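Novice: One structure follows; several queries about it will come next.
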(Lines of atoms letter the chains of each structure in order from A and count residues from 1; the text may use other names and numbers.)
(Lines give C-alpha, C1' and ligand atoms only; values in the text may rest on other atoms or scores of the structure.)
Protein backbone atom coordinates (compact mmCIF):
# COMPACT_ATOMS: atom_id res chain seq x y z
CA UNK A 1 0.00 0.00 0.00
CA UNK A 2 1.10 3.61 -0.56
CA UNK A 3 0.70 6.46 1.93
CA UNK A 4 -3.12 6.28 1.87
CA UNK A 5 -5.04 5.19 5.01
CA UNK A 6 -5.23 1.43 5.65
CA UNK A 7 -8.14 -0.44 4.06
CA UNK A 8 -11.32 -0.72 6.10
CA UNK A 9 -12.46 -4.25 6.89
CA UNK A 10 -16.06 -4.45 8.08
CA UNK A 11 -16.35 -6.98 10.89
CA UNK A 12 -18.31 -7.70 14.03
CA UNK A 13 -18.84 -10.99 15.87
CA UNK A 14 -22.62 -10.55 15.80
CA UNK A 15 -22.51 -9.68 12.08
CA UNK A 16 -20.54 -12.81 11.22
CA UNK A 17 -22.88 -14.95 13.32
CA UNK A 18 -25.84 -13.60 11.32
CA UNK A 19 -24.08 -14.35 8.02
CA UNK A 20 -23.12 -17.85 9.16
CA UNK A 21 -26.79 -18.73 9.43
CA UNK A 22 -27.41 -18.48 5.65
CA UNK A 23 -28.29 -22.07 4.75
CA UNK A 24 -26.54 -21.99 1.36
CA UNK A 25 -23.14 -21.04 2.85
CA UNK A 26 -23.21 -22.16 6.51
CA UNK A 27 -20.31 -20.78 8.58
CA UNK A 28 -18.63 -19.38 5.47
CA UNK A 29 -18.33 -15.92 7.00
CA UNK A 30 -16.55 -17.38 10.04
CA UNK A 31 -14.18 -19.42 7.85
CA UNK A 32 -13.22 -16.35 5.83
CA UNK A 33 -12.66 -14.19 8.90
CA UNK A 34 -10.72 -16.93 10.72
CA UNK A 35 -8.34 -17.40 7.78
CA UNK A 36 -7.73 -13.65 7.49
CA UNK A 37 -6.97 -13.65 11.20
CA UNK A 38 -4.73 -16.72 10.94
CA UNK A 39 -2.64 -14.94 8.29
CA UNK A 40 -2.38 -11.88 10.61
CA UNK A 41 -4.00 -9.59 8.03
CA UNK A 42 -6.36 -7.78 10.41
CA UNK A 43 -3.53 -5.76 11.97
CA UNK A 44 -2.87 -4.16 8.58
CA UNK A 45 -6.49 -2.98 8.20
CA UNK A 46 -8.84 -0.74 10.11
CA UNK A 47 -11.55 -3.02 11.49
CA UNK A 48 -14.91 -1.22 11.56
CA UNK A 49 -17.97 -2.59 13.35
CA UNK A 50 -21.12 -2.45 11.20
CA UNK A 51 -24.65 -1.80 12.34
CA UNK A 52 -27.80 -3.24 10.75
CA UNK A 53 -29.47 -1.15 8.07
CA UNK A 54 -32.68 0.57 9.12
CA UNK A 55 -35.96 0.03 7.28
CA UNK A 56 -35.55 3.52 5.81
CA UNK A 57 -32.04 2.75 4.55
CA UNK A 58 -33.17 -0.48 2.90
CA UNK A 59 -36.11 1.37 1.35
CA UNK A 60 -33.65 3.50 -0.64
CA UNK A 61 -33.95 0.63 -3.14
CA UNK A 62 -36.42 -2.00 -1.96
CA UNK A 63 -40.18 -1.44 -1.84
CA UNK A 64 -41.97 -1.01 1.47
CA UNK A 65 -44.30 -3.91 0.61
CA UNK A 66 -41.38 -6.30 0.09
CA UNK A 67 -39.52 -5.21 3.22
CA UNK A 68 -42.65 -5.41 5.38
CA UNK A 69 -43.44 -8.91 4.09
CA UNK A 70 -39.85 -10.05 4.65
CA UNK A 71 -40.00 -8.70 8.20
CA UNK A 72 -43.34 -10.43 8.85
CA UNK A 73 -42.29 -13.90 7.65
CA UNK A 74 -38.94 -13.52 9.38
CA UNK A 75 -40.64 -12.90 12.73
CA UNK A 76 -43.10 -15.74 12.23
CA UNK A 77 -40.68 -18.19 10.61
CA UNK A 78 -43.51 -18.84 8.16
CA UNK A 79 -42.09 -20.52 5.05
CA UNK A 80 -45.56 -21.18 3.63
CA UNK A 81 -47.09 -17.69 3.65
CA UNK A 82 -49.45 -17.42 0.63
CA UNK A 83 -47.96 -14.07 -0.48
CA UNK A 84 -44.33 -15.19 -0.34
CA UNK A 85 -44.14 -16.43 -3.94
CA UNK A 86 -45.09 -12.95 -5.15
CA UNK A 87 -41.96 -11.63 -3.41
CA UNK A 88 -39.62 -14.35 -4.69
CA UNK A 89 -39.48 -16.15 -1.35
CA UNK A 90 -39.44 -19.92 -1.58
CA UNK A 91 -37.16 -22.51 -3.13
CA UNK A 92 -33.81 -20.70 -3.39
CA UNK A 93 -34.74 -17.94 -0.92
CA UNK A 94 -36.60 -19.66 1.94
CA UNK A 95 -38.51 -17.35 4.28
CA UNK A 96 -36.86 -18.74 7.38
CA UNK A 97 -36.92 -17.19 10.84
CA UNK A 98 -34.44 -14.33 11.25
CA UNK A 99 -33.97 -13.73 7.53
CA UNK A 100 -34.93 -10.06 7.84
CA UNK A 101 -32.25 -9.49 10.48
CA UNK A 102 -29.74 -11.24 8.22
CA UNK A 103 -30.69 -8.99 5.29
CA UNK A 104 -30.46 -5.86 7.45
CA UNK A 105 -27.04 -6.95 8.72
CA UNK A 106 -25.66 -7.45 5.20
CA UNK A 107 -27.11 -4.15 3.99
CA UNK A 108 -25.80 -2.27 7.00
CA UNK A 109 -22.30 -3.67 6.59
CA UNK A 110 -22.06 -2.60 2.95
CA UNK A 111 -23.45 0.84 3.83
CA UNK A 112 -20.84 1.11 6.59
CA UNK A 113 -18.08 0.33 4.08
CA UNK A 114 -19.48 2.80 1.51
CA UNK A 115 -19.66 5.60 4.10
CA UNK A 116 -16.04 5.03 5.10
CA UNK A 117 -15.11 5.62 1.45
CA UNK A 118 -17.37 8.66 1.07
CA UNK A 119 -15.92 10.18 4.25
CA UNK A 120 -12.36 9.55 2.99
CA UNK A 121 -11.53 7.32 5.93
CA UNK A 122 -9.93 4.88 3.49
CA UNK A 123 -9.44 4.24 -0.22
CA UNK A 124 -10.46 0.57 -0.08
CA UNK A 125 -13.27 -0.88 2.04
CA UNK A 126 -14.03 -4.61 2.23
CA UNK A 127 -17.21 -6.51 3.11
CA UNK A 128 -16.59 -10.12 2.10
CA UNK A 129 -20.01 -11.20 3.38
CA UNK A 130 -21.73 -8.75 1.00
CA UNK A 131 -22.24 -8.84 -2.76
CA UNK A 132 -25.77 -10.29 -2.98
CA UNK A 133 -26.38 -9.03 -6.50
CA UNK A 134 -29.56 -10.82 -7.64
CA UNK A 135 -32.19 -9.27 -5.35
CA UNK A 136 -34.69 -6.98 -7.09
CA UNK A 137 -36.46 -4.01 -5.56
CA UNK A 138 -39.57 -6.04 -4.78
CA UNK A 139 -38.35 -9.64 -4.68
CA UNK A 140 -35.68 -12.00 -3.44
CA UNK A 141 -33.75 -14.00 -6.02
CA UNK A 142 -30.87 -16.46 -6.22
CA UNK A 143 -30.10 -16.71 -2.47
CA UNK A 144 -30.25 -12.88 -2.27
CA UNK A 145 -32.82 -11.22 0.01
CA UNK A 146 -31.41 -7.70 -0.06
CA UNK A 147 -29.29 -6.08 -2.75
CA UNK A 148 -26.53 -4.64 -0.61
CA UNK A 149 -24.48 -3.81 -3.72
CA UNK A 150 -27.23 -1.45 -4.93
CA UNK A 151 -27.49 0.15 -1.48
CA UNK A 152 -23.72 0.66 -1.45
CA UNK A 153 -23.75 2.26 -4.90
CA UNK A 154 -26.61 4.58 -3.94
CA UNK A 155 -24.67 5.63 -0.84
CA UNK A 156 -21.53 6.32 -2.90
CA UNK A 157 -23.61 8.32 -5.38
CA UNK A 158 -24.35 10.85 -2.63
CA UNK A 159 -20.66 11.78 -2.80
CA UNK A 160 -19.41 10.60 -6.20
CA UNK A 161 -21.11 11.53 -9.48
CA UNK A 162 -20.11 8.48 -11.55
CA UNK A 163 -19.81 5.04 -9.98
CA UNK A 164 -18.56 1.92 -11.77
CA UNK A 165 -19.88 -1.48 -10.70
CA UNK A 166 -17.77 -4.41 -11.91
CA UNK A 167 -19.09 -7.92 -11.22
CA UNK A 168 -16.73 -10.91 -11.54
CA UNK A 169 -19.10 -13.49 -10.03
CA UNK A 170 -19.95 -16.60 -12.06
CA UNK A 171 -23.54 -15.37 -12.40
CA UNK A 172 -24.80 -12.26 -14.18
CA UNK A 173 -25.25 -9.33 -11.79
CA UNK A 174 -28.83 -8.87 -12.95
CA UNK A 175 -30.24 -7.17 -9.86
CA UNK A 176 -27.64 -4.41 -9.92
CA UNK A 177 -27.89 -3.96 -13.68
CA UNK A 178 -31.70 -3.71 -13.47
CA UNK A 179 -31.48 -1.13 -10.69
CA UNK A 180 -29.35 1.23 -12.78
CA UNK A 181 -30.37 0.31 -16.34
CA UNK A 182 -31.96 3.75 -16.95
CA UNK A 183 -29.15 5.96 -15.63
CA UNK A 184 -25.86 7.16 -17.09
CA UNK A 185 -24.43 7.85 -13.63
CA UNK A 186 -23.74 4.19 -12.82
CA UNK A 187 -22.05 1.87 -15.29
CA UNK A 188 -22.45 -1.85 -14.64
CA UNK A 189 -19.96 -4.36 -16.05
CA UNK A 190 -20.52 -8.09 -15.63
CA UNK A 191 -18.32 -11.02 -16.74
CA UNK A 192 -20.27 -14.24 -16.25
CA UNK A 193 -21.34 -17.62 -17.53
CA UNK A 194 -24.13 -17.32 -20.09
CA UNK A 195 -25.73 -20.55 -21.28
CA UNK A 196 -29.24 -21.97 -21.82
CA UNK A 197 -30.85 -22.84 -18.50
CA UNK A 198 -28.10 -21.23 -16.41
CA UNK A 199 -29.31 -18.80 -13.74
CA UNK A 200 -30.39 -16.03 -14.08
CA UNK A 201 -30.65 -16.44 -17.87
CA UNK A 202 -29.74 -12.83 -18.63
CA UNK A 203 -26.54 -10.99 -19.48
CA UNK A 204 -26.01 -11.38 -23.21
CA UNK A 205 -23.70 -8.87 -24.87
CA UNK A 206 -26.72 -7.24 -26.54
CA UNK A 207 -28.21 -6.19 -23.17
CA UNK A 208 -26.95 -2.62 -22.84
CA UNK A 209 -29.44 -0.64 -20.75
CA UNK A 210 -32.35 1.66 -21.61
CA UNK A 211 -33.11 5.34 -22.13
CA UNK A 212 -30.40 7.54 -20.65
CA UNK A 213 -28.73 4.36 -19.43
CA UNK A 214 -28.41 2.85 -22.89
CA UNK A 215 -24.82 1.59 -23.39
CA UNK A 216 -24.09 1.97 -19.66
CA UNK A 217 -24.65 -1.76 -19.05
CA UNK A 218 -21.75 -3.91 -20.27
CA UNK A 219 -22.15 -7.68 -20.40
CA UNK A 220 -19.43 -10.19 -21.25
CA UNK A 221 -21.05 -13.64 -21.65
CA UNK A 222 -18.58 -16.52 -21.24
CA UNK A 223 -18.61 -20.32 -21.43
CA UNK A 224 -17.32 -23.08 -19.18
CA UNK A 225 -13.67 -23.82 -18.59
CA UNK A 226 -12.18 -20.34 -18.92
CA UNK A 227 -8.74 -20.06 -17.31
CA UNK A 228 -6.80 -17.21 -15.70
CA UNK A 229 -4.89 -15.93 -18.72
CA UNK A 230 -7.87 -15.58 -21.07
CA UNK A 231 -10.11 -14.22 -18.32
CA UNK A 232 -7.62 -11.55 -17.32
CA UNK A 233 -7.00 -10.53 -20.95
CA UNK A 234 -10.75 -10.03 -21.42
CA UNK A 235 -11.12 -8.22 -18.10
CA UNK A 236 -8.23 -5.87 -18.81
CA UNK A 237 -9.44 -4.97 -22.32
CA UNK A 238 -12.98 -4.27 -21.10
CA UNK A 239 -12.00 -2.33 -17.97
CA UNK A 240 -9.41 -0.27 -19.83
CA UNK A 241 -12.04 0.87 -22.35
CA UNK A 242 -14.67 1.36 -19.62
CA UNK A 243 -12.31 3.54 -17.58
CA UNK A 244 -11.43 5.69 -20.60
CA UNK A 245 -15.05 6.12 -21.71
CA UNK A 246 -16.84 6.46 -18.36
CA UNK A 247 -14.22 8.13 -16.12
CA UNK A 248 -15.56 6.70 -12.84
CA UNK A 249 -15.03 8.52 -9.55
CA UNK A 250 -15.58 5.42 -7.40
CA UNK A 251 -15.72 1.66 -7.97
CA UNK A 252 -17.71 -1.21 -6.50
CA UNK A 253 -16.21 -4.67 -7.14
CA UNK A 254 -18.20 -7.87 -6.64
CA UNK A 255 -15.72 -10.75 -6.43
CA UNK A 256 -17.84 -13.88 -6.09
CA UNK A 257 -15.64 -16.97 -5.74
CA UNK A 258 -17.90 -19.39 -7.62
CA UNK A 259 -15.64 -18.86 -10.66
CA UNK A 260 -12.82 -20.70 -8.88
CA UNK A 261 -11.78 -24.27 -9.82
CA UNK A 262 -13.37 -26.78 -7.45
CA UNK A 263 -16.58 -24.84 -6.89
CA UNK A 264 -19.70 -27.05 -6.99
CA UNK A 265 -20.97 -24.90 -9.89
CA UNK A 266 -18.26 -26.64 -11.93
CA UNK A 267 -18.15 -23.93 -14.60
CA UNK A 268 -15.14 -21.60 -14.82
CA UNK A 269 -11.60 -22.81 -14.11
CA UNK A 270 -9.99 -19.79 -12.45
CA UNK A 271 -7.69 -19.54 -9.45
CA UNK A 272 -7.39 -16.65 -6.97
CA UNK A 273 -4.30 -15.43 -8.85
CA UNK A 274 -6.43 -14.72 -11.94
CA UNK A 275 -9.00 -12.72 -9.99
CA UNK A 276 -6.14 -11.03 -8.13
CA UNK A 277 -4.72 -9.67 -11.39
CA UNK A 278 -8.14 -8.21 -12.25
CA UNK A 279 -8.37 -6.67 -8.77
CA UNK A 280 -4.88 -5.21 -9.07
CA UNK A 281 -5.81 -3.65 -12.41
CA UNK A 282 -8.67 -1.76 -10.75
CA UNK A 283 -6.64 -0.82 -7.67
CA UNK A 284 -3.99 0.90 -9.79
CA UNK A 285 -6.63 3.50 -10.73
CA UNK A 286 -6.36 4.62 -7.08
CA UNK A 287 -10.08 5.37 -6.85
CA UNK A 288 -12.31 4.84 -3.79
CA UNK A 289 -13.07 1.12 -4.10
CA UNK A 290 -15.71 -0.95 -2.30
CA UNK A 291 -14.94 -4.69 -2.41
CA UNK A 292 -17.74 -7.21 -1.90
CA UNK A 293 -17.92 -11.00 -1.90
CA UNK A 294 -20.81 -12.90 -3.48
CA UNK A 295 -21.05 -16.52 -4.62
CA UNK A 296 -18.62 -19.22 -3.57
CA UNK A 297 -19.98 -22.61 -2.54
CA UNK A 298 -16.75 -24.53 -1.89
CA UNK A 299 -16.33 -22.91 1.48
CA UNK A 300 -12.61 -23.55 2.01
CA UNK A 301 -11.73 -22.40 -1.52
CA UNK A 302 -13.82 -19.27 -1.05
CA UNK A 303 -11.93 -18.46 2.15
CA UNK A 304 -8.66 -19.15 0.32
CA UNK A 305 -9.69 -16.85 -2.52
CA UNK A 306 -10.84 -13.89 -0.43
CA UNK A 307 -7.83 -14.19 1.89
CA UNK A 308 -5.51 -14.14 -1.12
CA UNK A 309 -7.37 -11.12 -2.52
CA UNK A 310 -7.09 -9.32 0.82
CA UNK A 311 -3.35 -9.91 0.53
CA UNK A 312 -3.48 -8.33 -2.94
CA UNK A 313 -5.18 -5.24 -1.50
CA UNK A 314 -2.48 -5.03 1.18
CA UNK A 315 0.36 -5.71 -1.26
CA UNK A 316 1.38 -8.77 0.74
CA UNK A 317 2.51 -12.18 -0.50
CA UNK A 318 1.06 -14.81 1.83
CA UNK A 319 2.84 -18.03 2.86
CA UNK A 320 1.61 -21.13 1.07
CA UNK A 321 1.00 -23.19 4.21
CA UNK A 322 -2.38 -22.61 5.84
CA UNK A 323 -1.70 -21.50 9.44
CA UNK A 324 -3.14 -23.58 12.25
CA UNK A 325 -6.52 -22.20 13.34
CA UNK A 326 -10.11 -23.19 14.18
CA UNK A 327 -10.99 -24.42 10.67
CA UNK A 328 -7.57 -25.87 9.75
CA UNK A 329 -8.94 -29.36 9.02
CA UNK A 330 -11.24 -27.94 6.29
CA UNK A 331 -8.18 -27.23 4.11
CA UNK A 332 -7.01 -30.82 3.63
CA UNK A 333 -5.55 -32.83 2.10
CA UNK A 334 -2.90 -30.28 1.03
CA UNK A 335 -3.36 -27.52 3.64
CA UNK A 336 -2.05 -24.86 1.25
CA UNK A 337 -3.47 -21.53 0.09
CA UNK A 338 -3.07 -22.28 -3.63
CA UNK A 339 -5.86 -23.81 -5.71
CA UNK A 340 -5.00 -26.02 -8.69
CA UNK A 341 -7.09 -25.60 -11.85
CA UNK A 342 -8.82 -28.68 -13.22
CA UNK A 343 -8.13 -30.34 -16.58
CA UNK A 344 -11.50 -29.35 -18.05
CA UNK A 345 -11.40 -27.88 -21.56
CA UNK A 346 -11.98 -24.19 -22.20
CA UNK A 347 -15.22 -23.89 -24.20
CA UNK A 348 -14.61 -20.23 -25.12
CA UNK A 349 -13.85 -19.95 -28.84
CA UNK A 350 -11.28 -17.20 -29.59
CA UNK A 351 -13.39 -15.94 -32.50
CA UNK A 352 -16.45 -15.56 -30.24
CA UNK A 353 -14.37 -13.70 -27.64
CA UNK A 354 -13.16 -11.31 -30.35
CA UNK A 355 -16.76 -10.69 -31.46
CA UNK A 356 -17.89 -9.96 -27.89
CA UNK A 357 -15.01 -7.55 -27.25
CA UNK A 358 -15.63 -5.80 -30.57
CA UNK A 359 -19.30 -5.37 -29.64
CA UNK A 360 -18.38 -3.97 -26.20
CA UNK A 361 -15.88 -1.57 -27.75
CA UNK A 362 -18.50 -0.38 -30.24
CA UNK A 363 -21.09 0.18 -27.50
CA UNK A 364 -18.64 2.18 -25.39
CA UNK A 365 -18.22 4.67 -28.23
CA UNK A 366 -21.74 5.89 -27.36
CA UNK A 367 -20.74 6.66 -23.75
CA UNK A 368 -20.17 10.34 -23.05
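Cβ atoms are placed via backbone N, Cα and C, with glycine included.
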Novice: May I ask you to find which of 80, 83, 92, 258 TrEMBL records for the divalent metal cation site already listed with 169, 171?
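Specialist: Checking 80, 83, 92, 258 against TrEMBL: the divalent metal cation site match is 258.
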Novice: Could you measure between residue 258 (divalent metal cation binding site) and residue 134 (active site, proton acceptor) for me? Cα positions, answer in whole angstrom.
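Specialist: Residue 258 (divalent metal cation binding site) and residue 134 (active site, proton acceptor) have their Cα atoms 14 Å apart.
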Novice: Within the chain of residue 142 (substrate binding site), which residues six or more apart in sequence place their C-beta under 8 angstroms from its C-beta?
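Specialist: Same-chain residues close to residue 142 (substrate binding site) (Cβ under 8 Å, separated by 6 or more) are 92, 93, 134, 135, 171, 199, 200.
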Novice: Would you kindly give the Cα-Cα distance separating residue 169 (divalent metal cation binding site) and residue 297 (substrate binding site), rounded to the nearest Å?
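Specialist: So the alpha carbons of residue 297 (substrate binding site) and residue 169 (divalent metal cation binding site) sit roughly 12 Å from each other.
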Novice: I'm checking region-level scores; what's the whole-number mean pLDDT for the domain 'Histone deacetylase' (25-311)?
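Specialist: Within the domain 'Histone deacetylase' (25-311), the model's average pLDDT equals 96.
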Novice: Which state, by DSSP, holds residue 169 (divalent metal cation binding site): helix, strand or coil?
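Specialist: SS state of residue 169 (divalent metal cation binding site) = coil.
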Novice: Indicate whether residue 134 (active site, proton acceptor) is helix, strand or coil by DSSP.
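Specialist: DSSP call for residue 134 (active site, proton acceptor): coil, neither helix nor strand.
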